[in-house]
């Protein structure tokens with residue numbers, strides 16, 4: 001047996017001699033050049049996980065045996081439309097120093113209308129008895145998670161700091 005059968009740490013003859021692999025020095029204060037990229041990857045993984053949870057709620061509201069009606073899937077159209085006014089306003093406004101602009105405010109207005117419509121659509125479907133109220137609750141939970149995921153995406157990747165959504 002090497003090293004005296006567990007009587008201490010194994011001695012590596014190359015440690016400190018310049019030969020072989022170097023041990024990693026980890027300090028809390030020094031960050032490498034790719035540390036921002038790793039934070040972006042972690043944020044992207046967390047956002048994709050929460051988006052998957054939201055879509056799971058939406059699919060459960062449609063596909064469970066008690067519900068079995070797929071009309072609530074039309075809220076996916078609202079999910080796809082919700083970031084478009086923000087993209088248009090960001091592209092159209094060149095003065096990033098201004099705290100508010102008419103184009104940005106109009107984009108907020110349209111985005112709010114789209115989000116309210118996404119929450120109102122399953123309620124209307126449940127009110128006219130096209131879907132059951134349990135399915136409506138699952139779809140509303142999925143809407144909340146998905147829209148929070150979209151908002152989190154813009155908060156994390158819309159800053160314009162080290163990394164942005166355009167990398168992905």
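Cβ atoms are placed via backbone N, Cα and C, with glycine included.
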Which listed span TrEMBL calls transmembrane segment, if the choices are 23-42, 43-62: 43-62
Long-range Cβ neighbours of the transmembrane segment (43-62) (under 8 Å; 6 or more residues past either end): 68-73, 75-76, 122, 131, 134-139, 141-146, 148-149, 152-153, 156-157, 168
